[in-house]
Amino acid sequence: APLLPPEHHKPPAVANGELRINGKGKKLRKPRTIYSSLQLQALNQRFQQTQYLALPERAELAAQLGLTQTQVKIWFQNKRSKYKKIMKQS
């Protein structure tokens, strides 16, 4: 198989948004994602339809919104836990 040009190489693996750096265990975190109002509107709308996304749905939504699948996955996880917390209080 032909070698892909450098821009096609995968970025380094990021575990829970943390990238280990310089072997001293100093964590370089990915900055917190700031979602646009359009993205939030779409995410919230989708959450009202369903609290859980199947993989193809997640891929499609991420592509539509210009987000990574991980960002969509984590947004839904956070939203579910926030939703459950609110439901418990009422």
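Backbone N, Cα and C define each Cβ position, glycine as well.
Given the structure is predicted, the values throughout are model-derived calculations rather than measurements.
Pulled from TrEMBL, these are the features on record:
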type     : residues : note
DNA_BIND : 28-87    : DNA-binding region
COMPBIAS : 1-10     : compositional bias 'Basic and acidic residues'
DOMAIN   : 26-86    : domain 'Homeobox'
REGION   : 1-23     : region 'Disordered'
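In terms of DSSP secondary structure, the domain 'Homeobox' (26-86) contains 42 helix, 4 strand, 15 coil. A mean pLDDT of 95 is what the model gives for the domain 'Homeobox' (26-86).
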